[in-house]
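Copied over from TrEMBL:
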- K11, L12, G13, G14, S15, G55, D178, G222, K226: ATP binding site (BINDING)
- G54, H59, G157: substrate binding site (BINDING)
- 7-230: domain 'Aspartate/glutamate/uridylate kinase' (DOMAIN)
- K20: site 'Transition state stabilizer' (SITE)
Amino acid sequence: MRCDGRTVVVKLGGSLITLKQKALTCRRRVVARLAEEIYEAWSSGVRLVLIHGGGSYGHYVAMHELKTKGALTTGSIPQIARTMRELNSIIVKELEKHGLPVVVFPPSSFCITDCTSYKVECNFTSVIKSFEAGHLPVLYGDITYPDGMCEPRIVSGDELALSLADIIRPDIVVFAMDVKGVLERKRSGKEWVISKVNLSRLEEIAKRLGKGSSGVYDVTGGIASKLELIERHLKRGLSSPVILTTGLLRGNLKRVLAGQGKYVGTLITRD
């Protein structure tokens, strides 16, 4: 069955594609399998923009810079950017094994830190043109140059995914993680995946989770930060629904991308 016309922005989490407790360590077998599932979804007619996180690559180097220097500086940029390119090259190599028309867009080359607002501004024109041409744009969390005398800021893969979704307005935004979705936990310790969350409930869940990280190296926030970004995305109006899912179960990502069959994860919608 083909899925012609289905568009997806998908972000592979850093904890999914790397071992976050071990510096500069990629989960190569996981990456190879995910690339195969992405290819299978693509072959069924799904069109994608792919973003990935930094995991134990970019996050590790950024944390080292923060610990040794107390802040990120423009001097931090080459090393962080280089480390992210190393991780990206592993992922791209696996995608290209399947003949996917990958075009890489390093955000450090088209995003900038606005020193007035201390927000990252990105020019996605080339990314959109690549997507419209039928190619597979690949981006990743990256460090950005400041436009003045302030610290450079890291733009996360989550931010990139939702910013692009605001422009492309895909059928779905997918966050593939190393956890099954948003979990509900009883005091007894029993837990299960919440299958669907609407906007009115999302804020409550985000507050309950609090700030935090699922791993040792994480300078862009944990799942609570992700939910806050998703909440803002959904409040902007004409926004795409979001699925938080796991990429560790074989075939799960393919089913989510293709919109076919049952999957493990949490669907987040406005209503």
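Every residue, even glycine, has its Cβ placed from backbone N, Cα and C.
Curation does not apply to TrEMBL; its annotations are automatic.
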Give me the count of other Cβ atoms within 10 A of the Cβ belonging to K11 (ATP binding site).
29
Between the recorded positions K20, G54, H59, G157, which lies closest to D178 (ATP binding site), Cα to Cα?
K20
Looking at the recorded positions listed here (K20, G54, H59, G157), whose Cα lies nearest to that of K226 (ATP binding site)?
G157
Taking each of K20, G54, H59, G157 in turn, which of these recorded positions have a Cα lying within 10 angstroms of the Cα of K11 (ATP binding site)?
G157
Of all the Cα pairs drawn from G54, H59, G157, the residues the record ties to substrate, which distance is largest, in Å?
12
What does the structure give for the C-alpha distance between K20 (site 'Transition state stabilizer') and G157 (substrate binding site)? Integer Å is fine.
16
Select one residue from G54, G157: among these binding-site residues, choose the one with the most other Cβ atoms within 10 Å of its Cβ.
G54
